[in-house]
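Copied from TrEMBL, the annotated features are:
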- A:12-35: transmembrane segment (TRANSMEM)
- A:42-58: transmembrane segment (TRANSMEM)
- A:64-84: transmembrane segment (TRANSMEM)
- A:149-166: transmembrane segment (TRANSMEM)
- A:195-216: transmembrane segment (TRANSMEM)
- A:236-262: transmembrane segment (TRANSMEM)
- A:283-301: transmembrane segment (TRANSMEM)
Amino acid sequence: MNTLPQQLANGLLLGSMYGLIAIGYTMVYGIVQLINFAHGEIFMTGAFGALTVYFYILPDGTPMAAAVPLMLLGGAIVAVLIAVGAERFAYRPLRGAPRLAPLITAIGLSLALQEVVRNFYPEADKARAFPGLDTTHDIGSVTIKDADIFLICAAVICMAALAIFVRKSRTGRAMQATAQDPDTAQLMGIDTNRIIVIAFAIGGLFAAVAALAYGMKYGNVDYRMGFLMGLKAFTAAVLGGIGNIYGAMLGGVVLGIAETLASAYIDDIPGMHLFGGGSWKDVWAFCLLIIVLLVRPQGLLGERVADRA
Amino acid sequence: MRQRSMVILTSVLTTGALTLTACGSRDDNGGGSSDGGNTTTLTIGVDAPLSGENSTTGLGIQYGAQIAVDDANKNNLVPGVKFKLKALDDKAQPATGQSNATALTGDKSVVGVVGPLNSGVAQTMQQVFASANMVQISPSNTNPELTQGKNWQTDKKRPYKTYFRTATTDELQGSFAAGYAFNDLKKKKAFVVDDKQTYGAGLAKIFAEQFKKLGGTVVQTDHINTGDKDFGSLVTKIKNSGADILYYGGQYDESSLITKQLKGAGVKIPLFGGDGMFASTYIETAGAASEGDLATAIGVPADTLPAAKNFIATYKAKGYKGDYGAYGAYSYDAASAIIRAVKAVKDANGGKLPTDNNDLRSKVVDEVQKSNFDGLTGKVSFDEYGDTTNKQLTVYAVEKGKWKAAKTGTAD
């Protein structure tokens, strides 16, 4: 059996999830040059928001078809509120401060959010079961689940919507302007604070979509899930060119596929048995990152580094 | 140039954050030992993961020891001595375990420690306890190296005389599992995966060796990282390998996800693991996908032990969290061994506890070595390596959403 199509599908799905989260890193970085390390935790709270809707708000036995939109709404509300709240109360007061200050704030916020969920969410000190969409479909030699279909559709729709929003809408153009030059944008009458809030909100929204997909795909969520996913998504954002929304998605997909293929095939290469398998996938993914950054320091789709640096 | 310094700064900070997450909180209650009258209060330390990964089993260890302490106090087992428990959370992380060990040895009232759950954590703790000459009894560590040294396969040598365990070793667990898979389940082709941790890798290696020795084939091996969530790539490999059983050396956090994703991809082969996945959480997280999966566990199920009936009733009556099923009774026996050793020291010393704490601690170590009493799990005594002489093992299978004992046996 040829496993390549299945492995590519696995990688694409994982990568789409990285990409959705990476959007949040990249948009915020593009506009305020802040690496929002708490974004992984915003993703995590989105998952718990969706979980809350399913277990504590909806009546038992609600069909998933009806529950999913409501869970998405619940997760999005929580994630967006926390993202916007983080911007308003943690980052905005430090807007003019040296860059180290908001970065440390972000790390502190990340730990704080983890501990809040662990301590105050019922039974969150261990993995909580999440309703899954487990019906499988065979397409040729590829087996995928409903949750995977949700993920891929959500990623495509979100990306398309974001692209249209940024290009066509007034607010989107204002975002581009703010990213290019915040001071001049402000002089031209753009409310940059509002633009920054919107960037955080969109990041939170996308993280919530990814979180719902994550929960339904893996069937459980826990308070630490944001750490590793956040780190990977950040890597994806850098790989694709931080600041570029298409780069974030592309970086996510490339990273996901690289990880999957490395874990699947490296140990088949003669002499490479020791360096293959699932435990080395991160090593290969980061090697790829290093190579890309050596050849293209601005990332795959990065640009405008000159006026950033 | 600002950006480059930003990147450097960021990586430094990320490293810092990673390091910080490895640090645990220290719980320094100080060591008030004696309170008025003639009653001395001694502390039994517990170190186990009480939050996060493995916490279900970890809490079972804490409360198992708690019941032993309560029983000893209620029955006035050691006249004039009251025991209390001091439980520290190691979060299943070796570094945290080590700092907990330091905190426990620093507390003058602690006479001995029950724990930890994880073999990898034990490795960092052994030296600390050995220097302090304090007894440590693990109810669940199964790595042979802990008692028999690095070269246990060829040259057994006990590294630390303060370390004991009421659990038997992976050597027996891995080969017991291989025997069951090959002879009872009639499986011929195994796919072996481990999480590279001391416990998981050891278990998987021994399983693979024994499975081949019996005549089975190990079609492929793979390793994963703890904390991974996506096993799509691994599942595809397993599907393609034609294996009829998957053996996994590691904890339930990963194995429950693996089995779920495996069955989700239409691969209906059982996942067989060690006692690290023998917990109700495994079934809760994996759901219906766990049906038919197997795990070996050391000892016999607490529910089938006649001596453990009161223990289970107490555990349930007190509404303790966690799962007593796997190690609760072994933890009870470990704590009892320490308590009985204190009694033996006191009796040998003319009915008085040695006034010097270090003296008391080292004498307790000697007395634990001589332990010989009927515990909940059977006879509690230790061989010259500190291993239990009670080498019972059980294979459990998931049946209708519950772990059911499928085969019990004794290894020689």
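Note that Cβ sites are derived from N, Cα and C of the backbone, with glycine treated the same way.
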The transmembrane segment (A:283-301) touching the transmembrane segment (A:12-35) per 3+ Cβ pairs under 8 Å rule:
no
Residues of the same chain, at least six outside the transmembrane segment (A:149-166), with any C-beta under 8 angstroms of its C-beta?
12-13, 16-17, 19-20, 23, 68, 133, 137, 172-173, 175-176, 202, 206, 209, 212-213, 216-217, 245-246, 249
Mark yes when the transmembrane segment (A:195-216) and the transmembrane segment (A:42-58) have three or more Cβ pairs under 8 Å (sequence separation 6 or more) and no when they do not.
yes
Report, as numbers and ranges, every residue of the chain located at least six residues beyond the transmembrane segment (A:236-262) whose Cβ falls under 8 Å of a Cβ in that stretch; write 'none' if there are none.
7-8, 10-23, 25-27, 29-30, 155, 159, 162-163, 166, 179, 276, 280-285, 288-289, 292-293, 298-304, 308
I need to check the long-range neighbours of the transmembrane segment (A:195-216): which residues 6 or more away from its ends have a CB within less than 8 Å of a CB in the stretch?
17, 20-21, 23-25, 27-28, 30-32, 36, 39, 42-44, 46-47, 49-51, 68, 71-72, 75-76, 78-84, 86-88, 92, 130-133, 146-147, 150-151, 154-155, 158, 162, 171, 174-175, 178, 185, 225, 229
For the transmembrane segment (A:64-84), sequence-distant contacts whose Cβ falls under 8 Å of one of its Cβ atoms, 6 or more beyond its ends:
24, 39, 42-43, 45-54, 57-58, 113, 131, 133, 150, 197, 200-201, 203-205, 207-209, 211-212, 216
